[in-house]
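Structure, as structure tokens:
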Amino acid sequence: MALLIHLKTVSELRGRGDRIAKVTFRGQSFYSRVLENCEDVADFDETFRWPVASSIDRNEMLEIQVFNYSKVFSNKLIGTFRMVLQKVVEESHVEVTDTLIDDNNAIIKTSLCVEVRYQATDGTVGSWDDGDFLGDESLQEEEKDSQETDGLLPGSRPSSRPPGEKSFRRAGRSVFSAMKLGKNRSHKEEPQRPDEPAVLEMEDLDHLAIRLGDGLDPDSVSLASVTALTTNVSNKRSKPDIKMEPSAGRPMDYQVSITVIEARQLVGLNMDPVVCVEVGDDKKYTSMKESTNCPYYNEYFVFDFHVSPDVMFDKIIKISVIHSKNLLRSGTLVGSFKMDVGTVYSQPEHQFHHKWAILSDPDDISSGLKGYVKCDVAVVGKGDNIKTPHKANETDEDDIEGNLLLPEGVPPERQWARFYVKIYRAEGLPRMNTSLMANVKKAFIGENKDLVDPYVQVFFAGQKGKTSVQKSSYEPLWNEQVVFTDLFPPLCKRMKVQIRDSDKVNDVAIGTHFIDLRKISNDGDKGFLPTLGPAWVNMYGSTRNYTLLDEHQDLNEGLGEGVSFRARLLLGLAVEIVDTSNPELTSSTEVQVEQATPISESCAGKMEEFFLFGAFLEASMIDRRNGDKPITFEVTIGNYGNEVDGLSRPQRPRPRKEPGDEEEVDLIQNASDDEAGDAGDLASVSSTPPMRPQVTDRNYFHLPYLERKPCIYIKSWWPDQRRRLYNANIMDHIADKLEEGLNDIQEMIKTEKSYPERRLRGVLEELSCGCCRFLSLADKDQGHSSRTRLDRERLKSCMRELENMGQQARMLRAQVKRHTVRDKLRLCQNFLQKLRFLADEPQHSIPDIFIWMMSNNKRVAYARVPSKDLLFSIVEEETGKDCAKVKTLFLKLPGKRGFGSAGWTVQAKVELYLWLGLSKQRKEFLCGLPCGFQEVKAAQGLGLHAFPPVSLVYTKKQAFQLRAHMYQARSLFAADSSGLSDPFARVFFINQSQCTEVLNETLCPTWDQMLVFDNLELYGEAHELRDDPPIIVIEIYDQDSMGKADFMGRTFAKPLVKMADEAYCPPRFPPQLEYYQIYRGNATAGDLLAAFELLQIGPAGKADLPPINGPVDVDRGPIMPVPMGIRPVLSKYRVEVLFWGLRDLKRVNLAQVDRPRVDIECAGKGVQSSLIHNYKKNPNFNTLVKWFEVDLPENELLHPPLNIRVVDCRAFGRYTLVGSHAVSSLRRFIYRPPDRSAPSWNTTVRLLRRCRVLCNGGSSSHSTGEVVVTMEPEVPIKKLETMVKLDATSEAVVKVDVAEEEKEKKKKKKGTAEEPEEEEPDESMLDWWSKYFASIDTMKEQLRQQEPSGIDLEEKEEVDNTEGLKGSMKGKEKARAAKEEKKKKTQSSGSGQGSEAPEKKKPKIDELKVYPKELESEFDNFEDWLHTFNLLRGKTGDDEDGSTEEERIVGRFKGSLCVYKVPLPEDVSREAGYDSTYGMFQGIPSNDPINVLVRVYVVRATDLHPADINGKADPYIAIRLGKTDIRDKENYISKQLNPVFGKSFDIEASFPMESMLTVAVYDWDLVGTDDLIGETKIDLENRFYSKHRATCGIAQTYSTHGYNIWRDPMKPSQILTRLCKDGKVDGPHFGPPGRVKVANRVFTGPSEIEDENGQRKPTDEHVALLALRHWEDIPRAGCRLVPEHVETRPLLNPDKPGIEQGRLELWVDMFPMDMPAPGTPLDISPRKPKKYELRVIIWNTDEVVLEDDDFFTGEKSSDIFVRGWLKGQQEDKQDTDVHYHSLTGEGNFNWRYLFPFDYLAAEEKIVISKKESMFSWDETEYKIPARLTLQIWDADHFSADDFLGAIELDLNRFPRGAKTAKQCTMEMATGEVDVPLVSIFKQKRVKGWWPLLARNENDEFELTGKVEAELHLLTAEEAEKNPVGLARNEPDPLEKPNRPDTSFIWFLNPLKSARYFLWHTYRWLLLKLLLLLLLLLLLALFLYSVPGYLVKKILGA
């Protein structure tokens, strides 16, 4: 569907100049090219094309403007041509020559010649002439099929055609045809038509023709992006998406988990910090740490909530650090940090991991940073799957500044700001007292006062403030402001403003409004601070009639959708950044309430009179409970129209009209004569007359409106802020269009329709056009006086965003290719989210409209329509989407009544026409109604024709027949206790309903029934009904023999309409069957496959209707089957069923299942399994494979479900249903023959080589260890040999495509001469844990690499095309290759040694694979050939029951299916190895019972849910398998939430009887039963029989001894031989040494192995292992084998379904008992910490600050002592003796500390075992970082000692001490200078000077002293051999320090005293005096000797 404008010439122009033309239609403009130096005539000759999605209306306009073009100044308008398209719509082709008009609408001489063509998509108007635009008839057919191909990019300016070049016709046709048909279509030469204009630039077309001629797919060529589709391809519009049940407000389960790891840089001296974690009102505390500014906690807290999402996300998470908290005192707050839960939930994975929270003091905002707390915060809702980063081996090397606990985009330095919430006044409050109380009051007081005492309360960031109470006022006036102080930007998204009624007993909320700060601010470069109003906000809540116990009170609190207007509040908000340096600033963050400056009445906008009109065209589906009393519908807007409980006052003052208003109305609208002077004569009519409903069927009633449709109209007065709503509407229109397009594309991808990329281009084109249109429309009314600052800023922001979005859409459009559709679709989803966000206007104006159904004057059900959706504008884009349209509304119950099953029934379905606009625009209010009515006025008489009608009488009506083709449904809701249902469908259309037949006991009914609705009368014009037919409602019910039918779900559809004059032929008819999603509340409840057509009955009656030609072979009596042409085309398929066995069958009616059988049914055909004679003894079937043939649709999407039912055969021929399962999609079981058209191997190899050269950085030389693909002469795939070489000197793991220098950095088994600088780890020192931690490092690094690249599944699919070529590269190695490549880049960019340091540190250790998830998710549930089907019984639970599908599972059927078309081609059946016994199921092992040794290794658990009151748990492992139940209760781990178990358990089991392994974690309790924390279940049987060989993981290397010993009893060569035999693969052929050939692959590798004694022996195991690790590359039989691994499984608790209770790391090995016995289990017991002794000698101190003043002299001195500890102040604190009266800050100690400790090297943690409190039963193990704390103190005799300074040394990495005190600086400790870091565990002995620091008054670090210390680390054995004494004691005592004797007395030692008191203080003064004295002496000598000398000189002596 498109409109083409051919602009030919503009003539009679005046003067010479450059001309340009602008052509505008529907707001989208195209410019012509500039014609230079035109004189009289401008010959444009250009064609412009508009793809139009909706039919062109006959009233639409086309506008062409001609300008004089200027490069410098703006273009000057010459004239305008406007044309109404009525004639074009009727005739499809018009050519016009006409004059232009100027600005004043005066005709000018200049004329224009234009040709206009239009073709509607439905063919109702016009068709292209044979030779017009597309010449080829077949091409026209294709054009019709694809419906739309857009040929022109918006804004592209085609150049005019030079003579002699091909015409548009040929070029355009070849482009369109080539684009659409690709290589299947050849181009035909066409005769040239000289009069055809150019549409595309010729150069482009020539390039295009060259590119397309190559036979490539056109959509892979960038120039092909000119093909775009703007009309819907899928029939998505026929599926209206209507959600019935309110989702907001329903409580859900949430879990907030917070791990407090540590704190750093806490401000304060010698503090004892405790961290308090608050979520909402719940508080939890960590333990207290003494005397440290950087405490380490690692404590985990969990908070559980069951509340609605809105309440949850507004809760505040507060993390505070408190100093010296104990039982008696609450402690002093150091600092706190807060954010709301919603901020955390909106993060990726709903969590912050290892982030630092910045602490600030709320009581002193000028004090700055108070420290950091490192924590993990996660918020989990039910069903959320969170990827938790791995817990093990956390290092505390942290970049604090780069990892702050802040959402992305929030600056790290947040400033304090004041939030001023200004509350002005409120209006329209409801009365808040019962009428009884009101009468009592009146009796006592004697006057009727307003029955409400309102005040406003504001909640923000955990604080609240409230205004004063205005006594007895429905229209209170406050003019107050509530001031909050918080950091900006705040981490709390919403502010809650609530009007409350003050009451003696308890205050009640009247209404609530939430201010979303993101919507009233912008954080961009050109953004603005939050600002709002002054603007009115509307509040909604419960109905206005006051009752003491209001069941809907929650609605007034803002929970759930309000059902009635409550009040409106005039408020404003402003934010001011605070200058914290200002001395006058109040530094507290307490909420203040101040007076605010009053504002004028007109500030919020000029009051205008609005007019709302509505017409009820139909009211049906009225719930039968309301069917016995007359029903009326009431429409309200604000309090207007509410006659029951609306206005609190009887009279509302009319807004005064300004004097000029009347004249203005007179002039513009000529309305005043019609309205009899005063509009007050026009009384509002807000409700329909009461009418008694009539029966539709047993559930529903309808109102018999017939041709008389009741109307309502309401006048109301509101501030005129339409511009806000207009802008929101434009964006909504763009967003709706975009959403429709994206849904269409997703449907295309889902249903595999061709060319989704073309549709996406069309969507992007429409988006960019919409954005341009917004920019042109939104900038109106700039000078509006009542525009707030937010209006102005939002407009600028929206215009910037949409301009940017339009540009991005244009760029994306050019980039769309077939393989990038999914990526670009995601980007478009982001556009959609942004548009929806921008369109949500935060400043309200007109309240929403409520439609209430009243029965017996009581409110029953309601619908709410946003006013902006109904707002009228003369500009189409600004009009609300439902304005002047007939809208279908489904009325629902208010508040909580609408939850659950009560909300599923429709209360009423109303077809309603609504229009809202200014009274001045009232003449338009009937413009959208279906035509053919007469108005009925309320009053008669002259001058009343402008009065609105009270009802409409329709004289025009159309007769229709509806055919509902109900084919089948699938995955329906189980409504009976058997787990099945007896479903039937009821179809409602207008006032009629019909039912399908009932099908018993199925969840996938195939009704195959056509329902015909005759004698349907629809009112209005036929073409209107064609475009927008009424909605069909389909409800599915379960037939019950007793009681009424149970509701199972509902869906909606729109029929395809055929008019009487239309042919019933393709492409529109007959309609295609489609799936409609069935909803039950908000949950999906299956799919309905159906089609609906609405056929107009013409003058000839039903004879003209298409005949019903059903299948002739079936006679079903009165039931008409779906006719041919609509029912699917069937083909014969064979369904093979593998019956393996049944598992875990539960009792039926208390009786055990003994003789079960499985029945398989599909499309009426089926097969039964053999009977299991004794389920207890052997639950497997003895006949494995059976098959049946069935007719299935050709289209796989329409395949019916396959039903699996298990019955128990009882005595006397009875049988009982045990459970059932419906396979809703057979797709994954369909066998597809291999594709012979796969690209040839030559191409593959060529690509592979290219990949390798790229990966090797361009070098084509092959480094050792890479895969070399060589070609043998034979071409077929099977014969290709792949060489995988592995030299003895190279790695034991093939790393493919990795350059040599990267290889050096990888893990190796054997050392090489390549890396002399890297030490080999001593194998005797390594254990399994070394391997585990090395593997975790690798996993973490891989995850880190994946984060920035963000490869997700879709992208992975695309990458696979090339990745698949990379021979033997497994997933793990791919990731590692990428990791190494990235690391190499970062290192080369780094400098020298520093960048290589991390690489050198990593030792060469063999690794295993650590999976951060279950093994099943990595290997497709091990369902490679054996599938597990859960059998269900019992009713499906509803959300509110909290029941899950788990509870309905009564057993499992194991088997498989294979579906294929018959007969199979011979070559296919030969290649697939088809067998007459087992069919397609080849190589199936026997299912006889087998004994297996199961070995379970449980490594550790993480993040367990606390089970005890103290917030901890005492976990132990429990394992169940069959009858074996192991409880490892004795080895529980005390008070741990991250316990390391390190256990292995051996269990002998017999498959199939014992195949479900349960590993549970229990909490040990001293008293009472132990509680289950969580459990995980593993199906061992599927693992055992899987081709992935999950019995025992394949290790990375083969070793016969050491930590990496081979675990499997079978060696790699034996495993390889077995696999080749089972898979019928040729091989393995070993030899020569180090070489093996399997099928057509050759692997080479080391041929020797070293035994325990270091002897080298020849072996084939290395190459065999290499072949196993690349088994997926073996043709046909190859698949990925499970590597040696540890899997991480979530722990779940049945009591808390859907929420993880922690994670468990484990792996399972299985060994058949008939094979050689495996070796002893691996020892994975937790590493015992190693005992060490740290000896610290404190030699001296220097430059210690002097704290004490001497009593006599005032001299400064200090009594210094040094304190140190390693584990904690309480555990091992040690003090030196005191150096008294240090006058210089120098202290001499020679004092030794001894710290024995237990240390875990792998985790770099010290292990402490101690009782948590005196009441604790046992010791708890703690792990803390190895940090030595040294403090310097000033000793006082009477008062407490004074803390002077401290340093904390991390023993793994601390700065090397300075050699002298002078070289020791403060920067060594603060990290401001690069100091070499040392580890005491490597150096063993370190001596030096270290600085001691403390914070001054400004919270800045200052140097308070230096300490000379020596650290010496010994193991416990070494310490025992070489003992030393504590302090200065024996053995090996230290000598006494040589301290100056400062305990002197003046008169005994005056000189010494003088030295200390005078010299130290006045030494410089004394030196200067001495120097001066010497100079004076010298001068005196000179003067004394000069005379004598002079005399001698004179006398010449």
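Placed from the backbone N, Cα and C atoms, the Cβ positions cover glycine too.
Per Swiss-Prot, the candidate among Asp1488, Asp1503, Asp1508, Asp1651 that belongs to the Ca(2+) 4 site alongside Asp1563, Asp1565, Asp1571 is Asp1508. The Cβ of Asp976 (Ca(2+) 2 binding site) lies under 8 Å from the Cβ of Asp982, Glu1001, Asp1038, Asp1040, Lys1435, each on the same chain and at least six residues away in sequence. Long-range C-beta contacts of Asp1046 (Ca(2+) 2 binding site), restricted to its own chain and to partners at least six residues apart, with a cutoff below 8 Å, comprise Ala975, Tyr1037, Asp1038, Asp1040. Ranked by Cβ neighbours within 10 A across all protein chains shown, the binding-site residues Asp1038, Asp1040 are led by Asp1038. Residues Ala975, Ser981, Asp982, Tyr1037, Gln1039, Ala1045, Met1048 surround the recorded Ca(2+) 2 site, their Cβ atoms falling within 8 Å of the Cβ centroid of Asp976, Asp1038, Asp1040, Asp1046, which are themselves excluded. Over the domain 'C2 1' (1-98), the average per-residue pLDDT in this prediction is 86. Asp1038 (Ca(2+) 2 binding site) falls within a strand segment according to DSSP.
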